[in-house]
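See below for the structure under consideration.
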Amino acid sequence: KKDDYPVDTAERNCKFECNIVDDKGYCDNLCKGRKAEKGYCYSLKASCYCYGLPDDSPTKTSKRCNPNV
């Protein structure tokens, strides 16, 4: 298991944006939907962060987000 920023797909490499003020469990639900233990909205990056993701779940790499893939 790993703790990291989930991405939509490994090819696109785009994180899930969130709003710390209006999160309402969005990131926690998103992470649990990907079989993680829990998740939250990391305010400094305005992105969802997951704890306990399966090792094969796609997570952010050093490459840029490419929404056109």
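The backbone N, Cα and C atoms fix where each Cβ goes, and this holds for glycine too.
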Quiz item: Which one is it, Cys27, Cys31, that Swiss-Prot ties to Cys48 with a disulfide?
Solution: Cys27
Practice problem: Return the single candidate from Cys41, Cys50, Cys65 listed in Swiss-Prot as disulfide-linked to Cys18. | Solution: Cys41
Quiz item: In Swiss-Prot, Cys65 is listed as disulfide-bonded to which of the following: Cys14, Cys31?
Solution: Cys14
Practice problem: Pop the mean pLDDT for the domain 'LCN-type CS-alpha/beta' (2-66) in here, whole number is fine. | Solution: 94
Quiz item: By CA distance, which of the disulfide-bonded residues (Cys14, Cys18, Cys41, Cys48, Cys65) lies nearest to Cys31 (disulfide bond)?
Solution: Cys48
Exercise. Can you grab the distance from Cys27 (disulfide bond) over to Cys41 (disulfide bond)? Cα atoms, rounded to a whole Å.
Key: 6
